[in-house]
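Annotated features, as they stand in TrEMBL:
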- 294-347: domain 'HAMP' (DOMAIN)
- 352-422: domain 'PAS' (DOMAIN)
- 507-639: domain 'GGDEF' (DOMAIN)
- 274-294: transmembrane segment (TRANSMEM)
Amino acid sequence: MLVFVATLLVTLSTLGVAERGMKGVIGDQEYTLLSGAASFLDDRIAARVTQVEALASSIPPQLRTDWSALRPLLAEQVRLWGADQFLNIVVFDNDGDMRLSLRALRVPPDFSARGTDYFDRVVETRRSMISAPRRSRLTGEHIVVFSAPLLDASGRVLGVLAASVDLQHSGFLRQIGTLKPGRTGYLFVMTQQGVIIDHPDESRLFQHIGMTPGGNRGTEMALGGFEGWVETPSKDGTDAIYAYKRLRTTGWILAARYPTDEAFAPMHAMRQNAFFSAVGLALAAGLLAWVLVFQLLSPLQALRDNVAAIRDDGADIEVLRDGRRDEIGELGRAFHALMAERERAESARAASEKRLRLITDNLPVLISYIDRDYRFHFGNATFEKWFGVAPPQLIGMDLAGLLGEEAAGDVAPHLEQSFAGKSVTHEIGIPLRGEPRILQATYIPDLRPDGGVAGVYALVHDTTHVKEVEEQLLQLARVDTLTGIANRRMFGEALQHALDRMRRSGKPLALAYLDIDYFKKINDTWGHGVGDEVLKEFARRLTLGVRATDTPARLSGDEFVVILEEIGSREEAERIAAKIVAAMRVPFHTSAGPVQASTSVGIALSQPGQTQEQLLAAADSALYAAKGKGRDGYAFFEERAGQGR
Ligand SMILES: Nc1nc2c(ncn2[C@@H]2O[C@H](COP(=O)(O)OP(=O)(O)OP(=O)(O)O)[C@@H](O)[C@H]2O)c(=O)[nH]1
């Protein structure tokens, strides 16, 4: 389209320039023609002037006032010139009276040439002249008069010889009519004052140019002195080329009118031809340009198709390297490099993702990403192992869908804190595959650059086993490793709890403090191993000898205690002590054979407001008393130390 429009524009503007140039040529031609015609007319007029001057001067001096003798001379001369040169030749005397006329005229009695330009000026200047166009007073015809003085020897004017030319019928001006431009163009002549003296329209002859309504800029310019050509509308509205030239001899204005339509008829035909040729050319050029552009763009189209094939059908990117050695080939190679780079980055990313996936899937923890709707966005393979939910099924699942309403309700407040921007860790107990488990969950907020939280990363691990081990460790720390009964630490706790219970129930408790008699000797006699065996058996007998609710404990070496709860009386406590003492008299079966041992027991009954230490000290004091009494027996704590049985 662009080529089509451009070609048309160029053609039309070139035509416009050519037309303007052509118009100039035609105008100049017309003016040149007119100038030729003007010079022809000037020559004719000058020739007539010369004829009349020559005729006047050829008259012999004696005949210059002999009017009757002059006639045949003039008649002979006119005959020689040819009859149609002049309409008439007359001679006036120096008073202006007509003395001679070659044509027979009815001359009115008062006819005088005085007052006419052709008489007065000649008398005045004594030189020949051409009159203004005028209407003959004698014949009524439109004429111009060529007049010359008849002078005597001293140069005095004797008369005036006047030769008239019929403007309308003589063909004096008509001869130039053949020079008219074109078929409908014409020439016309007017005086400097604008009186038309020659015109193809005879009705306008000898009328002032202004008599016809309308205006003609060219003619107005010409009356103002313009010579040359101009294109302007005529009075009848049609455009025409007007040319104007003044006659040198008379000052008359010779004008030519050439209607533009006719002047440019060939031009219009040419324009039409050129227009159709231009349209054809433009169409052809446009079509050619289209084909060219199509051909130029076809590799680009192929490149586009290749890119589409790579994107939509997964075609190999190698199709982009088609080896063209131009800009499009460069573009293809640039695309190839870009895509290869992308593919490398993509496979690196995929490998990294696979690695990460492998790691996360094989970690014995739940790794997930939870969005703001509390729905899973990502989850590792552990979800399948723990909950039987495969990662793809997990996507979009909400917490209640995975954990059940109750557990989801427990988790929600912690998640909310994390969505508020905090890292949160909490524990929750839920059944997994039918077993109660303790899980520890850590929520890490996914902070956006604007500070908002997009979601939460959740890391959950099963701490059940750890808790169990912890519990075991705790238990181990409270148990005497040799005997399996409570150690000093657990004893302390148990005593505290027992004292608390006593305070609540009001039922007193007793504390028995025991020590194996001469244990050092057993060690020394049988060795430490046997000593240990005795200690274990001692603990066993102690445990068997008291109620299940009572707590036996080994404090250190061969020292033991028993917390005896809900002891109704001192007697009851003593009974138990005696029972224990009796139980220890039975020989101990060891790897080295039976070993005889015994124990001493100190008993103290708890008092209101008494501390652990005070109670223990009281029992210890009673033990001391029991030892003091010879061992293998018990003593009851009295306020005064040392008392007991
Ligand atoms: N086999 C063994 N011996 C221990 C253990 N702990 C402490 N002993 C020993 O137990 C003995 C305790 O002796 P003491 O209580 O001081 O004295 P005793 O010989 O029992 O005399 P009395 O208490 O006055 O009747 C020491 O010789 C310790 O070395 C242990 O775990 N195993």
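From the backbone N, Cα and C atoms, a Cβ is placed for every residue, glycine too.
Given the structure is predicted, the values throughout are model-derived calculations rather than measurements.
In terms of DSSP secondary structure, the domain 'HAMP' (294-347) contains 45 helix, 0 strand, 9 coil. Residues in the domain 'PAS' (352-422) partition by DSSP class (helix H, G, I; strand E, B; coil) as 41 helix, 13 strand, 17 coil. Shown for the domain 'GGDEF' (507-639): DSSP residue counts in helix, strand and coil, namely 57 helix, 35 strand, 41 coil.
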